[in-house]
Amino acid sequence: MQTIKTEINENIDTTGTKKPVYQTKQLNLWYGTNHALKNIDLDIMENEVTAIIGPSGCGKSTYIKTLNRMIELIPSVKTSGDIMYRERNIFDKNYRVEELRTKVGMVFQKPNPFPKSIYDNIAYGPRTHGIKNKKVLDEIVEKSLRGAAIWEEVKDRLNSNAYGLSGGQQQRICIARCLAIEPDVILMDEPTSALDPISTLKVEELVQELKTDYSIIIVTHNMQQAARISDRTAFFLNGEVIEFDKTDKIFSTPSDKRTEDYISGRFG
Amino acid sequence: MKHINQDNVLKKMSSRLAVNQIFRALFFLATLFGLVVLAVLLYRVFTQGIGYLDLQFLQSVGSRFPEKAGIYAALIGSLWLMAVVVVVSFILAVGTAIYLEEYAKQNKVNNFIKVNISNLAGVPSVVFGLLGLTIFARMFALGQSVLAAGLTMSLLILPVIIVAAQEAIRAVPKDLRDASYAMGATKWQTIIRVVLPAAIPGILTGSILAFSRAIGETAPLVVLGVPTILLFTPASIMDTFTALPMQIYDWTRRPQAAFHDVASAGIIILLLLLLFMNSVAVFIRNKFQNRF
């Protein structure tokens, strides 16, 4: 099993200036007795969009939530193996989870703004990390909202409740909120699955723009979306990585029969 | 072949509808029963008490003469009592609820605690009175002070507020907590900035209803030996005091009929206080409803 996995990673061109942000080594994860992730080996490159695809229950959401250790909020979870983030093991006892999550932001499946004003939503992260200066906060809020391409839509109502926005706008507020902590990596767990096609398109365009400054890992149900926006794609099935390669390659000439079956819609 | 005979269905239709009407009438009567009794009570209380209800009644302390008797000492005593109860019970109950819902791990000990807090809510108030008498009045030698009574009353309503606060905290969507944790916030930051602001309406509604119960509760005060009639108001929480229900109780058991009317006037004051507190609870609930 291990030799196959090593081969998968060797297929990827790691030459050039890009460095890996995440190196996953022999990651296993259990929910109680349910073995949800099996011997995962994945290297995720900086300033790229990495898509994770696979049918429901394949472990793709579990994996992305392991990258910022949100998975540990579920009490029955046990892990083995290592995940190196910028060459530091995130499971290390001395690695405080709050520190990791300051560098690794997350956007969730369902837009989840706080029941606060737009301004307070964006300022939440910076305030959490001790920034109180109003001028600095103002700058962060504007920069983040511009970064999430929603500044023009909300600049005149920063003090109104974020719940008054549409679902698509709420999701971009959540992306802006994530940008406000100035992360290194952005994890996106099916960020468009609750959105209409137009909002989805906006979020996809945004992801393309963001990858110059951030490394993005996106879980998606939508294979066309993965093909459109990602540089590399990992195909998960039953808790294993079946294939991980450049997105062009995965969608044109996949090397595994199961990948081919999945992307051609024969199952899943 | 059809299983349902339309003729039979039609034949039985009117009796089915009649049964429906009967139950409707029964449930209406059940509703009416409580309302009628309440209306009769209110009518009696108001017709008897309204004559004694004036500024003099509010400003005077107890007296041997019905026309000179007033509610002042009891009203102020009740307010002193509530001041202690509100502070002590709210802090302890919300602290407990936060610990149980946010920090405590799911294990047998914590589940046992949770179940027993609900059980405590069903313990009769006389038992809490005895507990207060033993621990606060005697062991800590607080006597019949505002503090002893306030702590006893707090114990009595703690379980009610804890359960209400737990439910309000549990109702805060997990999404919001996740959003906060995912930005590197600590548990405490998440609680104070996300969970509590969203849960506070529910917590307040439950608390105010519990406070209303404490203000009308008599049994624990009787067991503690709080005086029924007092000619002065407390100057500190270590002083003895009397409270509205105690004063009313005293008036109703006096032989002179005029004192029964004075008691009615006292009941009106107590009801007005309760009505005010419940209105505040309803107002808070409506104001903060549907926030998420």
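Placed from the backbone N, Cα and C atoms, the Cβ positions cover glycine too.
Copied from TrEMBL, the annotated features are:
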TRANSMEM  B:21-46  transmembrane segment
TRANSMEM  B:71-100  transmembrane segment
DOMAIN    B:75-281  domain 'ABC transmembrane type-1'
TRANSMEM  B:120-141  transmembrane segment
TRANSMEM  B:147-169  transmembrane segment
TRANSMEM  B:190-215  transmembrane segment
TRANSMEM  B:221-241  transmembrane segment
TRANSMEM  B:262-284  transmembrane segment
Subject >> When counting Cβ pairs under 8 Å to the transmembrane segment (B:190-215), the leader among B:71-100, B:120-141, B:147-169, B:221-241 >> reply: B:147-169
Subject >> Top Cβ-contact partner of the transmembrane segment (B:71-100) among B:120-141, B:147-169, B:262-284 (pairs under 8 Å) >> reply: B:147-169
**OP:** Please figure out which one of B:21-46, B:221-241, B:262-284 racks up the most CB pairs under 8 Å against the transmembrane segment (B:120-141).
**Re:** B:221-241
**OP:** Sort out the residues at least 6 away from either end of the transmembrane segment (B:221-241), same chain, that have Cβ-Cβ distances under 8 Å to it, and list them.
**Re:** 61-62, 72-74, 76-77, 80-81, 83-84, 126, 129-130, 132-133, 137, 142-150, 152, 247, 249-250
